[in-house]
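Features reported for this protein in Swiss-Prot:
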type	residues	note
REGION	1-186	region 'Large ATPase domain (RuvB-L)'
BINDING	25, 26, 67, 70, 71, 72, 133, 134, 135, 176, 186, 223	ATP binding site
BINDING	71	Mg(2+) binding site
REGION	187-257	region 'Small ATPAse domain (RuvB-S)'
REGION	260-350	region 'Head domain (RuvB-H)'
BINDING	296, 315, 320	DNA binding site
């Protein structure tokens, strides 16, 4: 939890901030959705098949890093199916009655979206299993000797779950999703399309070079791209510059301390501390957390994922190590590796 709070303070966090509205930039159909080509095409097939049969689509699980479009795709699925959409999140469903209230208010073939589904209470999961498999809800009414079991028939529905940590899902829950789909980081060219589209929707004049400058610093994440685009728009408006070109975008993002690889001050502090204090590693995560005055969860869940994905650090059995990419990015020369000296077999050295 602490890691999520820390990450939410970062401009380049892929997580949605409380009160942040990005609906204006969201695509409204699969045709408008950029990137995730195989996932998008497969979803189109499943949607068409469900509509042709007049049935609820099979349950869908989206998993992958935050900010890649899981919520947007869930809404698009409902829109393309021509059915209602109801959204909630795992932590908001506290007791079985909360889930029952949601499920009993669904119309036939509606889409129920549960974000952060890995954070569902295990007791809630037990109630969800028969609802997903048989469209039935088994509840215990009352307490003690007066308690009785009640079975409620539910309309057929499609559950769309989203998680950033699929490894935390229980096997029984994961196995009940007939359509598991992974979302991956976006290519720069895909983000250029997203940024260009976003600038049009925001009424912002942006050159192709300006769009690429924003895209390449967006950490492969559309949500980050949209956030950076808005901040660049602010700087350009105050400076009275239009259209926004690469020079203005670069100046604005430098002011925001987001460098050319999408790294921010926290990322650079992590890399610099490893280089300056520990010679590039290997160093344990607990030692790093203490050196950075951060919690271990923050280091593992907030700082490291993107650095590992981009090849700046690697995990080894002995700890974290900087790669050649990291040393180059820091403008430093890695220390020469000193191979361990083995004593001569016939020498008197211990």
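In case you wondered, yes, glycine gets a Cβ from its N, Cα and C as well.
Feature map: annotations from Swiss-Prot on the structure.
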residue	record	Cβ neighbours (10 Å)
25	ATP binding site	21
67	ATP binding site	27
71	ATP binding site	21
133	ATP binding site	10
135	ATP binding site	17
186	ATP binding site	25
296	DNA binding site	15
315	DNA binding site	13
320	DNA binding site	23
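Here the candidates are the binding-site residues 25, 67, 71, 133, 186, and by Cα distance the one nearest residue 296 (DNA binding site) turns out to be 67.
Separating the Cα atoms of residue 320 (DNA binding site) and residue 133 (ATP binding site) is a whole-number distance of 43 Å. Under DSSP, the residues of the region 'Head domain (RuvB-H)' (260-350) split into helix, strand and coil as follows: 43 helix, 9 strand, 39 coil. As a summary of secondary structure, the region 'Small ATPAse domain (RuvB-S)' (187-257) carries 51 helix, 2 strand, 18 coil according to DSSP. Sitting within 8 Å of the Cβ centre of 296, 315, 320, and not among those site residues for DNA, are the Cβ atoms of 284, 285, 288, 299, 300, 304, 319.
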